[in-house]
């Protein structure tokens, strides 16, 4: 029996509708939440992602603006831009699109973003707020994972959760969010002994390692909920066959585009899991939806939640 598909597109649309209603209420009180996106140079993938963010802002009624310094920009000039956005009262959220060019000190730039406008949730102050369960801005993808669980009525309290991957952007924050929700959490990584055995203990398994199809059915407890955070592009025909042999729909898309996306979980995991997020269309759509939610949250937190 195949797993229940947890539809990220549907949940993302629900969240955007809720955000739009919240923005309309704020506008009636004279406040329009504002998001500034900084995109350095012309990275095609980043440009697509930023276009999607701008489109989401238009859908939800959030004011947005783009700043596009050249890829020759210096750290000092980029700092000056970030600091000017920090000072503006009409901007509630600042997002610096990564990666930045090699000559730019990325860490210095991200630390320069005011914590109250850090809608990516990467600033150490927001990380501290998350770890101490205080109101702050939470990284978008982990927050989206929690929304999938909540809106799909997956029990978290008392559940055994295993997070494969310990990145600052996904692995560590989702582990903290699950802990805060009273799950019993194990974080796994490249040095974990007998990874499949550890994963098989999980009622909730989160794969966030950036390795295509690494989590195979033998990693999964029957009936577990699996959140696949990975988005990996495959262009090699032999690798495609490993994951999607016999899948006519994927085959047609691969033949047309010369590539396809696969998560960190092998598609056959869906034959063992009880519920499963597909790639694409699972966790991915939630990232931008939660960015919109974070922008509204920042607008409220900056004003002491009095709006």
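Start at 1 and count along the chain as shown; that gives each residue its number.
Keep in mind that glycine also has a Cβ here, set from the backbone N, Cα and C atoms.
Remember, it's a predicted structure, so these values are computed and weren't measured experimentally.
The NADP(+) binding site annotation in Swiss-Prot covers 165, 166, 167, 190, 231.
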Which one is it: of the binding-site residues 167, 190, which Cβ has the fewest other Cβ atoms within 10 Å in this structure? 190
My understanding is the cutoff is Cβ-Cβ under 8 Å with a sequence separation of 6 or more in the same chain; which residues meet that for residue 165 (NADP(+) binding site)? 171, 188, 189, 206, 207, 208, 209, 210, 229, 264
Express in Å, rounded to the nearest integer, the largest CA to CA distance found among the NADP(+)-binding residues 165, 166, 167, 190, 231 named in the record. 19
Take the Cβ of residue 231 (NADP(+) binding site) and count every other Cβ within 10 Å, whichever protein chain it belongs to. 17
Cβ-Cβ distance under 8 Å to residue 166 (NADP(+) binding site), same chain, at least six residues away: 172, 175, 187, 188, 189
